[in-house]
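Trainee: Let me begin by handing over the structure; questions about it come next.
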Amino acid sequence: MPPLPIPMPTDLSILLTVMDFVGVFVFGLSGGTLAVRKRLDLFGVMVLSLAAALAGGVMRDLLIGALPPASLHDDRYLMVALAAGLTAFLFHKPINRLGKPVMVLDAAGLALFTVAGCGKALAYGLSPLPAALLGVMTACGGGAMRDMLVAEVPRVLREEIYAMASLLGAAVVIAGQELDLPPVPVAVAGALAVFVLRVVSVRRNWSAPRAPGS
Amino acid sequence: MPPLPIPMPTDLSILLTVMDFVGVFVFGLSGGTLAVRKRLDLFGVMVLSLAAALAGGVMRDLLIGALPPASLHDDRYLMVALAAGLTAFLFHKPINRLGKPVMVLDAAGLALFTVAGCGKALAYGLSPLPAALLGVMTACGGGAMRDMLVAEVPRVLREEIYAMASLLGAAVVIAGQELDLPPVPVAVAGALAVFVLRVVSVRRNWSAPRAPGS
Amino acid sequence: MPPLPIPMPTDLSILLTVMDFVGVFVFGLSGGTLAVRKRLDLFGVMVLSLAAALAGGVMRDLLIGALPPASLHDDRYLMVALAAGLTAFLFHKPINRLGKPVMVLDAAGLALFTVAGCGKALAYGLSPLPAALLGVMTACGGGAMRDMLVAEVPRVLREEIYAMASLLGAAVVIAGQELDLPPVPVAVAGALAVFVLRVVSVRRNWSAPRAPGS
């Protein structure tokens with residue numbers, strides 16, 4: 001997940017980079033703690049941390065042809081993800097107890113990755129529908145890969161308002177671009193939409209609909 | 001799955017495009033109905049529909065470097081796959097009852113995707129053996145990804161004459177190119193070979209051989 | 001897995017190519033015999049053989065943008081992997097009895113793939129940390145894909161000193177490049193490090209650490 005590919009003031013750019021690393025770290029923790037629960041070894045913990053943190057962005061970059069992917073270009077992404085894996089390896093118990101703060105940071109990561117992924121896809125010339133889907137893939141693909149690596153059906157396909165929140169944010173970004181609105185406020189609005197819908201849905205226990213009669 | 005990358009009369013090209021969309025739709029239904037059976041939510045149904053319909057072609061395009069993949073280039077593929085997902089979400093019960101017509105349309109999709117995938121790989125300069133394998137991957141890769149997303153061993157690896165039918169069609173296309181035969185009749189012959197072998201094998205309950213003493 | 005992208009005498013280059021094919025064949029056997037144990041059909045055996053033998057190198061080439069991947073470029077890789085699949089299909093029982101020689105050849109494949117993968121990533125301009133990870137992915141990614149195709153948690157994430165041995169070899173290659181040492185002896189040292197650590201760890205039953213209190 002690179003910084004948003006739109007012109008912006010330096011301060012905002014620094015803020016976004018910091019938030020991006022926070023997102024990578026928290027997503028990495030989700031991979032690392034799952035790996036510990038599944039009794040994987042140190043290497044498995046690191047791989048799940050890398051996958052959860054970076055696979056979504058890697059898939060997006062593979063699909064738009066931005067090679068090598070951003071996270072193989074800038075070592076800080078790998079280092080943050082590996083640090084998350086090591087943290088999970090050593091401190092999985094206290095982390096698992098931090099349910100709410102981890103959920104809030106995860107929602108922030110979801111928001112930022114959605115908007116950044118969508119923006120990068122648009123910057124590479126994709127049209128709105130695929131760009132929105134790639135934004136969702138950037139945000140949700142890492143978690144899906146994390147779950148597949150331990151032979152589980154990805155949680156994102158089964159329950160909760162997670163991908164739906166990401167999709168809402170992607171729709172905001174796309175609508176803003178179609179209406180020629182200025183990119184920074186649109187990105188902020190998109191990210192807020194993801195974050196608020198995700199956090200509210202967890203607090204209220206909302207979930208996405210299942211097929212009628214399934 | 002783009003239209004075949006060979007020169008052809010306009011009428012045939014339109015027919016192929018229509019058949020291509022039929023293939024995408026039917027493959028998408030296979031993903032969507034599996035997702036409903038596995039009790040995934042609406043998002044999961046859409047993802048399995050997209051994966052079943054488009055992942056084979058996406059893998060092929062990633063491997064030959066045709067980026068972004070055809071289905072991210074032409075929105076109609078995404079829209080047809082999403083329409084299939086929505087149809088499966090709403091009407092999974094009647095669809096599951098339509099065993100035979102769905103199987104026949106699926107065989108048509110298998111035939112068309114094999115021939116199109118093989119032809120595109122050849123057009124990108126691959127030699128016959130990898131081109132044949134990419135044809136099979138185009139036709140069977142989406143179904144494999146669909147099954148992996150719900151943590152199941154891909155059906156295509158386990159049973160029935162499915163990949164074998166696809167392989168036969170790919171062999172016909174390759175042989176035709178090696179013998180410098182005109183591409184349109186060769187493509188038709190290849191697609192027919194897939195279709196007939198697949199439909200006959202289902203009716204006669206044929207299956208691919210297992211290892212001796214396994 | 002292409003020959004190492006470093007200048008070297010012809011004899012050494014031929015030796016490496018032979019060892020590379022041995023690695024592909026043995027990795028292919030691991031896929032084919034697993035497929036037989038899982039009662040997959042002939043097609044499934046071939047797919048698992050191809051995946052185990054070649055998917056690691058394919059992932060690396062996708063990520064560095066070396067398209068089409070080496071194994072779709074040089075038909076001999078596909079043919080060796082398919083020959084391994086057929087061998088596993090026909091002779092799975094005696095192969096399964098050959099525990100130790102297969103393990104030693106597998107360790108040789110692990111060593112060679114690590115060093116070749118790492119070297120190719122460096123040759124494509126990646127910095128040391130991602131190059132080391134891609135070396136490990138080249139060597140371990142095929143086995144991981146093989147296990148995921150039969151809906152199992154990849155063995156490499158769970159147990160034994162396998163990826164750790166690969167990581168050690170990658171570290172040797174990276175260190176050698178950073179210190180500007182001549183590439184051929186560095187590659188040999190890296191491969192030896194992988195091989196020796198792997199073989200010794202199997203004989204002594206070492207395994208990678210699990211998280212404290214997991």
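We number each residue from 1, going along the chain as drawn.
Each Cβ is built from the backbone N, Cα and C atoms, and glycine gets one as well.
Below, the features straight out of TrEMBL:
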| type | residues | note |
| --- | --- | --- |
| DOMAIN | C:18-92 | domain 'Glycine transporter' |
| DOMAIN | C:104-175 | domain 'Glycine transporter' |
| TRANSMEM | C:12-35 | transmembrane segment |
| TRANSMEM | C:42-64 | transmembrane segment |
| TRANSMEM | C:129-149 | transmembrane segment |
| TRANSMEM | C:161-177 | transmembrane segment |
| TRANSMEM | C:183-200 | transmembrane segment |
Trainee: Cβ under 8 Å to the transmembrane segment (C:161-177), counting only same-chain residues 6 or more beyond its ends: which ones?
Mentor: 107, 110-111, 113-115, 118-119, 122, 128, 131-133, 135-136, 139-140, 143, 155, 183, 185-187, 189-191, 193-195, 197-198, 201-202, 206-208
Trainee: Give the one range among C:12-35, C:129-149, C:183-200 whose Cβ atoms make the most pairs under 8 Å with those of the transmembrane segment (C:42-64).
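Mentor: The stretch with the most close Cβ contacts to the transmembrane segment (C:42-64) is C:129-149.
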Trainee: Per DSSP, what is the residue tally for the domain 'Glycine transporter' (C:104-175) in helix, strand and coil?
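Mentor: DSSP composition of the domain 'Glycine transporter' (C:104-175): 58 helix, 0 strand, 14 coil.
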Trainee: If you average the pLDDT over the domain 'Glycine transporter' (C:104-175), what number do you get?
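Mentor: That stretch averages a pLDDT of 94.
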Trainee: What are the DSSP helix/strand/coil residue counts across the domain 'Glycine transporter' (C:18-92)?
Mentor: 65 helix, 1 strand, 9 coil
